[in-house]
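What follows is one structure encoded as structure tokens, with my remarks underneath.
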Amino acid sequence: MASAHHTPRHHEDEGDDAIMAETTPLLTSSPVAGGCDPDETKPLLSLTSSSPSSPSSSHSQHTPQTPPSTAPKALPKTQILLLCYARLVEPIAFFSIFPYINQMVLSNSPGLAESRMGFYSGLIESLFSLTQMAVMILWGLLADRVGRKPVLVSSLFGVVLATAAFGFAKSIPQMVLFRCFAGVFAGSIVTIRTMISELSTKQTQATAFSWFAVAGNIGIFIGPLIGGALADPAVQYPRVFAGVYFFEKFPYALSSIAVAVIGSTAVSSTTTRT
């Protein structure tokens with residue numbers, strides 16, 4: 001009788017457990033109330049955050065933080081501007097003779113036919129670029145061997161001397177010689193490009209070389225103005241220079257001297273500040 005009395009209770013307990021197991025949710029945000037076994041009532045997937053001791057949280061806690069990015073190197077504007085000023089010298093020296101080269105050729109060779117004047121004028125103008133092209137690589141190799149500044153100063157100084165001497169030429173051979181001499185020393189563009197590249201970074205190179213290009217165009221603009229404004233001053237400005245023996249004997253010296261003065265200031269600033 002005792003066993004018969006307790007059998008229904010046993011079946012009722014098993015039924016309750018079955019109902020509890022069937023009604024236990026797969027997803028829950030809190031433990032199920034009651035005295036059930038925690039392992040049986042623990043959901044398979046929990047919406048709550050994992051415990052701090054879980055591998056994912058420990059991994060996130062020990063993940064090293066990336067250091068803050070450093071500020072980019074500022075562009076040394078003073079040095080870049082001085083190099084751009086030095087860049088003016090070659091285009092000024094090259095283009096300054098264009099306004100008066102025909103007159104100079106005729107005055108230095110009175111018996112020359114006018115039909116040959118264009119040939120000699122074009123030849124003298126082009127010899128600068130021809131000799132410059134021939135020695136450009138040598139200037140670059142020399143800059144790598146002895147240093148940037150010595151090569152830059154030597155190049156500018158040679159262009160200054162040759163350009164100044166050109167204004168005193170009294171024959172076509174002398175004009176050819178001084179023009180070739182200026183072209184041989186016109187290697188500063190290689191050195192200036194290298195120095196600008198070394199002074200700038202990837203972030204500032206575009207700005208630096210933009211200034212470099214602007215300086216070259218300014219030199220192309222200024223050169224013919226100087227040559228045209230200062231050539232033969234005794235004729236252009238008779239109130240000031242008429243009767244001055246020096247300018248009557250060397251009518252194209254003033255233009256060349258002005259270009260040489262600009263080049264000398266570039267040499268001085270390059271020597272002391274770069």
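Each Cβ is built from the backbone N, Cα and C atoms, and glycine gets one as well.
These numbers come from a predicted model, not from an experiment.
If you check TrEMBL, you get these features:
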REGION    1-73  region 'Disordered'
COMPBIAS  43-64  compositional bias 'Low complexity'
DOMAIN    79-274  domain 'Major facilitator superfamily (MFS) profile'
TRANSMEM  80-98  transmembrane segment
TRANSMEM  118-139  transmembrane segment
TRANSMEM  151-169  transmembrane segment
TRANSMEM  175-196  transmembrane segment
TRANSMEM  208-230  transmembrane segment
TRANSMEM  250-268  transmembrane segment
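The transmembrane segment (151-169) and the transmembrane segment (208-230) are not in contact, since fewer than 3 Cβ pairs between them lie under 8 Å (pairs 6 or more apart in sequence).
Model confidence over the domain 'Major facilitator superfamily (MFS) profile' (79-274) stands at 94, taken as the mean pLDDT rounded to a whole number.
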